[in-house]
Structure formats: C-alpha cells, structure tokens
Amino acid sequence: MSPAAEAVTDALRELHTRFAGLRDGRLADYIPQLARTEPDAFGLALISMDGHRYSAGDAGTPFTMQSVSKPFVYALALSVLGLDEVCRWVSAEPSGEAYNAISLEPDTGRPDNAMVNAGAIITTALIPDTPDTPRFERILDCLSRFAGRRLDVDEQVYASEAATGDRNRALAYLIRSTGPLPVDPVAAVETYFRQCAVRVTALDLAAMAATLANGGVNPLTGDAVVPEPVAAQVLAVMATCGMYDASGEWLLRVGLPAKSGVSGGLIAAGPARFGLATYSPRLDPGGTSVRGRAALGALSERLGLHLMHNPALAASTVTLVATAGDLPAAGAAPQDRALRERVGVVAAQGAIDFTAAERVLYALDESRTRSAGPVVLDLGQVTGVDRVARAMLRGGLGRIAADGARTAVADPARRLALPGPGQRDAPTVPRSFVTREQAVAWCTGGPAG
Ligand code: GLU
C-alpha cells in the first residue's frame, strides 16, 4: 500500500490499540458453539467506494454472520418481491425491543421489522424455494456476491443453533398461527439458522456494507448485487432498526445505518462513502459487540461521519457565469463581439444531482439577466449527471428555448443525451457540442459544429 493511504489504516490501528484493552461484556452462550470463540479477537475493516481496502487487527478471522445476515437477506427479498409485497408481511417500524422479542403487530400479526428475529424468519421464508434453486442456495449466492467471494457455512455453529434454537422455532410457530403467510416460517427457520451460520471475516463484512453504501454495486467486483433503490431501502431500515432497542441512541450518537450480530460482528455504512465492519465477540446486554460499538462511535466522531451532519458543500458546482463577450475568443471578428456579448455562458463541474442542478439552473438565469439572449451550458468539467438532474437541466434549457433563445451545451461526454429510466417524456436534448467555443459559435449564428 502507498504510504499516503497508510493514514487511513493508521486511524483503524489507533482505534484497535485504544479499545483492545476494553474487556467488558460476555460471549453469547445461548448458541453453545459461540461460547467457544476466542474472546479477545478484535478486527476492523473499511472499504471505500473505489474498492480500497483498509484493516487492522483480526480483520481476516472467520466468524459467523448471525444477525448481520438479516439486512442482506432482506435485500434479496426486496429484490425478488418488491417493497410493497415484502411490507405486507414484515413492517418497518423500530420495535424498541430485544432481537429475540416475541412481538408481532396486534392487528396484522406482522413482525415490527426485518432486523428482529421474527421479521428475519419471515424474510427468509419469502425467498423463493424451487427444485432448481433451493432457498438456501439463493441466500448463500446473494451473501457471497455482497462479499465478493464464495462464502461457506460453519457447520458446527449451525448444528449448535439448530439443536438449541427452540425460541426461534416458537417464534416461527407463533407467526404461522397469526396470519395467512404464503410461505411456511416453520420450515424456513432451519434455513434462517444456516444463514446465521454463514462464515465471514471483518473484511468480508466491510465489503458487504460497502456494497449497500454503493447503491448495491460491490465496489470490489463491480457486481450489481441488488438494485439501487433496494440498497437505499435496506440502509433506511438499518438506520431505524439495525441496533434493536438501542437504534435511536445509535442514530443519535453515531449517525450511521448499522447492524450487529451476536457472534460479535458489527457493520456500518456511510451511504456513497464507505462500508465499515468490526469483529469482537464480547457483547453488551443488548447483544452488540462492546468494542465494536465503542470503535465505530469513536471513528464516526473522529472522521465526522454522522449522517445528519450538515456537510460542507462540495466544491462549488458553478465555476463560471459570464457572457461569451467576457471570454477570450481567439480569431473572433470585431463584429462578432456584440453578438458574443449576448450569449450567456455557465460552466459547471463535478457530480450534478438535484442540489447541484438547482444551482446550475439559477446560474443560467443569472447569465441571461443582461440580454435575455442565447445561453451555453458548459459541462466539460462535469463528472456525472444523475437521472433527476438530467431531467432538470433538459427542462430548464427547454424553457429558455421556448422563450425563443438558442440554447446549447458543451457536453463532450454526452451526459445530457443519455436516456434514463422514466426519461421518455423528458424535454428534448439540447443542441450538443464538444467544446464551449463551438457551442458559442452556434449560438452567435455561426455554423453548427
Ligand atoms: N442466530 C441468532 C438468533 O437468531 C442471531 C441473533 C443475533 O445475532 O442478534 O438468535
């Protein structure tokens, strides 16, 4: 690794050193095999949206996912069935109760959310089970794609939970008794135990969290594991329900969607920023890793990761508001100068989303205050235009054109021309040129480029 990027590793190493001495908490022992875990194991991992991997301590030590599997199987269910269908069977409200609480909504019998056991058992039951592709195979395949490598099952942990998991079986029977579920939660609970016993490392979990943060695309493999809206839905439920009855306090203090598991794994995701994971098996009374909670809390504070922090505005979107007359024009004839004076020019940079598009549209109007003439939008330094911004920019330019003024874009990457979902009715694509000067020349009545 390059020495500069070692600074990120150093931040993780410092956390490791700072919290390694924290020996509070107890191993989960209601699954007997988990009580045999090395209690002092401690690993941290972070993966960026570019797929850069950073880790400290025991980030390569295998352990079972337990409840950290829940958001990913929920993602699979959402991908297969859609949000509305999944919500018919599992609600999305924080339960304010422990992970294994026997709590079903009084009127519908739905579990509160997919992060508590009752909801997770139903989520697992909703995954299709066909002779070609049995339910568990679908789940393992999906979890593996999130991790970016083929995962396997810790058969000893599975057998241990299967032998002792009567509370979860009781939950499944209770669910079956309350409602017209189209699938059998009692059969699915054994699959749920297997999914909980899937073996990962902290680095795997960081990749899985990073995939959710990256709109469902694994940043290590480029694999589009789930659609972008599904990734956002899962992060939303993790934010409100991922830490069980401590979810509100976690969102307040740490401010990141997260999910813990009783084997000691903990993930957190910074949307569009990173995936984080820790592994340390000593748990607090709520079933969350003591060191993991402390380390992620400190990291969030130190690196300013809280979701609700008012982010400093990214580098300004609009880099130029002028008329073409203000700009150097090699070879322009003197008689062109008056024409150029009338052409408003706006240049933008970076990634254009709703917020940035609003600034660009405002600047387009500003550029026209002097002459209400033609307008050129220069997107040469723009790195991306999302679906919403594309429709806004096309719409804004379309309105200027409807006023009778020529409009053109310098759009060498043809970002405004890209069709997008739901874009069929969007206003027409503005006249597009490779360079700003070509666009200005066309707006001053010169030949089209
Ligand atoms: N397999 C565990 C159970 O269902 C997972 C619980 C957890 O990790 O919170 O009890």
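For all residues, glycine too, the Cβ spot is worked out from N, Cα and C.
For the substrate site that TrEMBL gives as Ser67, Asn117, Glu161, Asn168, Tyr192, Val262, the extra residue drawn from Tyr244, Tyr279 is Tyr244.
The binding residues for substrate are recorded as Ser67, Asn117, Glu161, Asn168, Tyr192, Tyr244, Val262; their greatest pairwise CA distance is 21 Å. Taking Cβ-Cβ distances under 8 Å and a sequence gap of 6 or more within the same chain, the neighbours of Tyr192 (substrate binding site) are Ala120, Ile121, Thr124, Asn168. Listed in sequence order, the binding-site residues among Ser67, Asn117, Asn168, Tyr192 whose CB lies under 6 angstroms from an atom of ligand 1 come out as Ser67, Asn117, Asn168. For the domain 'STAS' (345-416), the number of residues in each DSSP class (helix H, G, I; strand E, B; coil) is 30 helix, 23 strand, 19 coil.
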